[in-house]
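Noted in TrEMBL for the protein shown:
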ACT_SITE  A:Thr179  active site, nucleophile
BINDING   A:Thr146, A:Lys168, A:Thr179, A:Glu259, A:Asn378, A:Ser383  substrate binding site
Number of protein chains: 2
Amino acid sequence: MTVTSPAGFDAAGIAAGIKRSGALDLAVVVNRGPSAAAAAVFTSNRAKANPILWSQQVILDGVVSAIVLNSGGANCFTGPEGFQVTHRTAEAAASALGIAAGDVLVCSTGLIGDQLDGEVLEEGVLSAAARLSADGGGDAARAIMTTDTKPKTVVVDGDGWRIGGMAKGAGMLAPGLATMLVVLTTDADLPSGELDAALREATRVTFDRLDSDGCMSTNDQVTLLASGASGIVPDAAAFRAALTAACRSLAEQLQADAEGASHDIAIEVRGAVTEDDAVEVGRSVARNNLFKAAIFGNDPNWGRVLAAIGTTQAPFDPYLVDVSMNGVRVCHAGRPDAARDEVDLTPRATHVLVELHAGEASATILTNDLTHDYVHENSAYAS
Amino acid sequence: MTVTSPAGFDAAGIAAGIKRSGALDLAVVVNRGPSAAAAAVFTSNRAKANPILWSQQVILDGVVSAIVLNSGGANCFTGPEGFQVTHRTAEAAASALGIAAGDVLVCSTGLIGDQLDGEVLEEGVLSAAARLSADGGGDAARAIMTTDTKPKTVVVDGDGWRIGGMAKGAGMLAPGLATMLVVLTTDADLPSGELDAALREATRVTFDRLDSDGCMSTNDQVTLLASGASGIVPDAAAFRAALTAACRSLAEQLQADAEGASHDIAIEVRGAVTEDDAVEVGRSVARNNLFKAAIFGNDPNWGRVLAAIGTTQAPFDPYLVDVSMNGVRVCHAGRPDAARDEVDLTPRATHVLVELHAGEASATILTNDLTHDYVHENSAYAS
């Protein structure tokens, strides 16, 4: 059920001593081949962590043999010393695995602005490399957790090939892939160009539509590694569908474990002129603190939905909009419809339907409510 | 110290029975002249409440004799019946005061999507009209409160003329003037065109730079009424300076009473290429929930400042940025500087200085922290 489920991958997750707690904090995933094709997408934040700066260079040739991921520190805004730590991490993996450092991706997650100890990282990589195995995917998934309460993994089977994956991320989820580290593996045989196209298509409609708290991270990276070990070149459409399904599962696992959340909210926007409009409208609701606090309080305050979407540029008439919550239409044509007390918001799964009546396009944005626990976790994170 | 401090204005604030609590909920301010020049600015939200739709027509000729404001209901997304209630409110004031309904502004604040009772409004207006006095400004300021814990008023004296004002607003504060109702009065003698220019200049650098929670309201309105009763035509620059000072005072009072806030945060951005860039950068920090939760926890988590500003389009190099918190420079040139524990975030007044080193422009955005009380108040508001 994880990155080592497809053939051709070994992994390990260890406690390198980066986290003071002694928890697992370093993961290595190795692609044993025969192919080393890869693709990756990165945060669109201009403030990028050192491992992002490194990995963006590594991925240029579409060849990746291994990826090292650490929790316990983001290695962001740590200057040239921080970049050297990332470089040293890749060199350690290359040395231990007999590969080129230029084929090693690095991901980090944790507090911004703290230096990581290069020696601890190096020793950790060497130790993890010695424990690599086809059973190591579970430990790897645990080693990348920060405030996550559970590991997130997935397997999707194709016709003779398979996709596996792991993810971490419990806060800062936002478009542009925020504090989200994802590794997807496949034993299908595909060149990096096709992996890249499939990955961008999949992330566009999954991770990019998860917007837990509107904050975009400095460290997000979604990586896809293909070993070709199945010897099968999959049908392109089938592979894209499977990859999208894997990404959707991981995105939903991220949403379900978002920091402090008590509701998983799907904001479905229908009747937009374009899909981009639908996304913009959905996102405006997902980022509205007043709406999110109301959902926490099981309060179907639909006026806050309309106030949010009124701030967008999407073409529609606010006074023709219908809003339903968990199947009850509380607003019709910009006026009160069913009584608020007919809406039951006690289930964790919450569905908000916004019908714009302006066109045929639709999109769904996933978000969470704004809770006391969210405030607590994020006020205490650094201390 | 309020709207009746300048000569030529009477006001009243009464309990009309709109709020179930029996608290004051309806205010009337009358301009006795000799001038009836006025200006107003409105929310830029496309979802506009009925009183906004009404008042935008009334202000077109720059003549206003009275303004009626109610708390206890926003009269937004209430359909044609809702608009009729606004119209009836204005007609009641006109009838009681012997003026034209087309010279009566109406403002409402409260829950979106609930119908107001037109009869209660009408009787309330008649009752308030009977109690108008030059001492009524204090009651008027109390009658427009919703979750505000205290009335907000101001007086600024000029050379033989005076500006008075009152404001309400404790949530939904955002650019575009969110759930903010403000009435400013002056006995200076100025035509509506000059009032309008002065008001837009003042709001641009005061209310528009207050962004408590990133949410924009459907009902915001800032109104300036000039009676000319002083007989003095003020120096234009002096009047604008005084009006800006009055707006700044009210904006700071709004910030200080923002729902659930425990810190008043001034985000000062220096070294931007343009003032608009500085505003965009400051606003990105003001809207970052992770940053706001950290401040609540007295945690100088400067990485969240850099992660926020990295999402902007403003031209600067994130790796040249300095960040100071309450006078301690915690980040220099994109790297850690002074230790986090040197920063004391226990005072309510919090200063975050972001130096971009890209140009000469600057701006300050006012915001608040994200607290348990904010979540509580906004999850329970409708119930």
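Using N, Cα and C of the backbone, Cβ positions are placed for all residues, glycine too.
Any TrEMBL annotation is an automated prediction that lacks curation.
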Binding-site residues compared (A:Thr146, A:Asn378) - the one with the fewest other Cβ atoms within 10 Å: A:Thr146
Chain B contacts among the binding-site residues A:Lys168, A:Glu259, A:Asn378 (Cβ under 8 Å): A:Asn378
Cβ neighbours of A:Glu259 (substrate binding site) where a neighbour is any other Cβ within 10 Å: 27
For A:Lys168 (substrate binding site): intrachain residues, at least 6 apart, with Cβ closer than 8 Å: A:Ser71, A:Thr109, A:Ala141, A:Ile144, A:Met145, A:Thr146, A:Asp148, A:Pro151, A:Lys152, A:Met180, A:Leu181, A:Val182
